[in-house]
Amino acid sequence: MFFKRLVKNDGVKRLQSKVNINSLQNKKDNNQKITMLTAYDYQFAKLIDEAEIDVILVGDSLGMVVLGYDTTLEVTLDDMIYHTQAVARGRENALLVADLPFMTYKTGNIAQTVKNAGQLIKTAKAEAVKLEGGREIVDEIAAVIRAGIPVMGHLGLTPQSVHQFGGFKVQGQTDAAAEKLIADALALEEAGVFALVLECISRDLAAKVTNQLSIPVIGIGAGRSCDGQVLVVHDMLGINNQFVPKFVREYDNLGEKVKKAIKTYKQDVEQGEFPTAGESFS
Ligand SMILES: Nc1nc(=O)c2c([nH]1)NC[C@@H]1CN(c3ccc(C(=O)N[C@@H](CCC(=O)O)C(=O)O)cc3)CN21
Ligand SMILES: CC(C)C(=O)C(=O)O
Ligand SMILES: [Mg+2]
């Protein structure tokens, strides 16, 4: 793979631009922001990679964004493998991270967790895995790391616990909850995670965590003090027609544009204006 890239392009520069966990750490150490977006298929992975985003996440948000579920809970390991394989074919330089979905870890069977994480690496070609949770899963995370798999942490609004939260709600709002989150973040760093996602917490709490940790902290709905930002790609492109969280900035309204193009196509066909002679064969 690396050799192929060296042959295909003119070598050293491309190899150096391959993002890895060390180059992400260097970005934090040099006060450079880290960019991350989700992708679920080959085409989006290719576009995001060509735009030089640092990290591509095959998020279990897949379930809601692409598969139409109401939560992420129904996503299976096979779903994650299938979509991560497609994404892996489209990306060259971005670091590829995949979520471990609900019930593939935290079940009390750490050996199974390691095997499931291993499948995302070995079968699906991810380079790291992301697990939701704090001190309750540090043993599990340590076991995955011992197997040679880099782990990204995820605290705050961890959507796999949606029923425990009673909905998708801002987290860490009381002093006790904020202290717990900070303690969890420190424990995750101690366990060896290479980066941490903070979702839907106050910008002040996110700033505190970012300052206390040496590893990169990547926020979603966590303010601008984080070392980097992540969004669901469909949200930032305006393709998501369900509820759009307040922390999303829509950089385009592709959903409307796609619908308009499709309507024009329908009109053209119905009025006999597509295809023309040039769009057919003699
Ligand atoms: N398309 C999409 N984008 C996401 O960011 C996303 C998903 N799906 N699925 C998994 C989770 C769920 N996420 C969500 C979903 C809803 C809110 C939300 O309703 N937030 C309210 C605050 C609610 C409250 O605290 O009372 C908001 O106004 O943003 C937040 C995050 C983030 N993740
Ligand atoms: C929003 C990000 C952090 C995520 O976990 C996902 O897309 O599943
Ligand atoms: Mg996720």
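Just so it is clear, glycine is given a Cβ too, placed from its N, Cα and C backbone atoms.
TrEMBL does not curate its annotations; it predicts them automatically.
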Per TrEMBL, ASP99, GLU132 bind Mg(2+); matching candidate in ASP49, ASP54, ASP60, ASP175: ASP60
For ASP60 (Mg(2+) binding site), nearby residues of its own chain (Cβ under 8 Å, 6 or more apart in sequence): THR72, VAL75, MET80, ASP99, PRO101, PHE102, PRO159, GLN160
Those recorded positions listed as ASP99, GLU132, GLU199, and which of them has the most Cβ atoms within 10 Å of its own Cβ: ASP99
Beyond the site residues ASP60, SER61, ASP99, LYS130: chain residues whose C-beta lies within 8 Å of the centroid, for 3-methyl-2-oxobutanoate: THR38, LEU57, VAL58, GLY59, LEU62, THR72, VAL75, MET80, ALA98, LEU100, PRO101, GLU132, HIS154, PRO159
GLU199 (active site, proton acceptor) and LYS130 (3-methyl-2-oxobutanoate binding site), Cα-Cα, nearest whole angstrom: 13
